[in-house]
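Visitor: Got a structure for you, questions after.
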Amino acid sequence: GAPTLVGFIFAVIPKFAFFVVILRLSFTSFWSFFPSLWENFFCICGLLSLFIGCICGLGEIKIKRLLAFSSVGHVGFLCLGLASGNIEGIQAVLFYLSIYMLTAAFLWVYILHLDLSSTSGSTLLTFSDSIGLVRSNPLMGFGVALMIFSLAGIPPFGGFFAKLNIFVSLIDSSFYIVSIFVVITSVISAFYYIRLIKIFYFGKNKNWFFFASLSKGASLVLVLSGLTIIFFMLSPNIFYLLTYKVGLGLMF
């Protein structure tokens, strides 16, 4: 029930700064505590976050709540990347953060547009409420579908490679049981993401809404985040190299 703008601020913006600070503290200032403290702490937090985000999102029909539970699940991936304790894990966390923030920014701006542009004066909360916008604006509907597939980790979208990096870093650190749990929760989470696509494109809504045009600021965010995700699909090596160098700078 939180305002959409507040949800956007707390779901997207603080994550990057928070995890960069955690990286800096755990891998430099308090590195000596990593094997005995940080590794178990991040692993437990990651597993709990994945479980909560996966299970709680299954029966959810409200858009903002689903994205909130989805955000919890993505934090779980980031924590497990930190638990791996190697440069590959740090690179995977930075890479995951970059892809997630771009994707989440696109979707939250889209939802903010639903709240602010409804001429009926009502706040649009459920999946079916946005059917009218998806069908009346196919280009935006296509962009939303791309971002949802990315969050679900469907190849060849950015979210798939982000999750794959976390998975590989866990395997390299011999977290085999945790890796299996990650795969299972990813498959379950993909269900409610794909359900969104089904509702957006094939669902029927008896109550149609009319929407105003996007503002210039919202259009700019949507275009930049969408083009960046598409550019990554065409040339991912730049993102890999950039996040790897940033990871090295944080560790040494």
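Note that Cβ sites are derived from N, Cα and C of the backbone, with glycine treated the same way.
Sharing the record's features from TrEMBL:
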DOMAIN    1-189  domain 'NADH:quinone oxidoreductase/Mrp antiporter transmembrane'
TRANSMEM  5-25  transmembrane segment
TRANSMEM  37-59  transmembrane segment
TRANSMEM  66-87  transmembrane segment
TRANSMEM  93-112  transmembrane segment
TRANSMEM  139-162  transmembrane segment
TRANSMEM  174-196  transmembrane segment
TRANSMEM  217-242  transmembrane segment
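Would you situate these features in the structure and describe their surroundings?
Guide: Among residues of the same chain six or more beyond the transmembrane segment (66-87), those with a C-beta under 8 A of the stretch's C-beta atoms are 7, 11, 15, 19, 22-23, 26, 34-35, 38-39, 42-43, 45-54, 56-57, 60, 93, 96-97, 100, 104, 107-108, 111, 151, 162-163, 165-166, 169-170, 172-173, 175, 178, 182, 185, 189, 192-193, 196, 244, 247-248, 251.
For the transmembrane segment (139-162), the list of distant contacts is 70, 74, 77, 92, 95-96, 99-100, 102-104, 106-107, 110, 133, 186, 189-190, 193-194, 196-197, 200-201, 222, 226, 229-230, 232-233, 236: same-chain residues at least six beyond its ends, Cβ to Cβ under 8 Å.
Residues 43, 46-47, 50-51, 53-55, 57-58, 60, 66, 70, 73, 76-77, 80, 83-84, 127, 148-149, 151-154, 163, 166-167 of the same chain lie 6 or more positions beyond the ends of the transmembrane segment (174-196) yet place their CB under 8 Å from a CB of it.
If you look at the transmembrane segment (217-242), the same-chain residues 6 or more away from its ends with a CB under 8 A from one of its CBs are 91, 95, 98-99, 102-103, 105-106, 109-110, 112-113, 140, 143, 146-147, 150, 156-158, 161.
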Visitor: Give the nonlocal contacts of the transmembrane segment (93-112) in its own chain as ranges (CB under 8 Å, at least six residues past its ends).
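Guide: Answer is 4-5, 7-8, 11-12, 15-16, 19, 23, 63-64, 67, 71, 74, 77-78, 81-82, 140, 143-144, 147-148, 150-151, 158-159, 161-163, 165-166, 218, 221-222, 225-226, 228-229, 232, 239-240, 243, 246-247.
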Visitor: Near the transmembrane segment (37-59), which same-chain residues lie under 8 Å Cβ to Cβ, leaving out any that are not at least 6 residues past its ends?
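Guide: Distal contacts: 26, 30, 66, 69-80, 82-83, 85, 175, 178, 181-182, 185, 188-189, 191-192.
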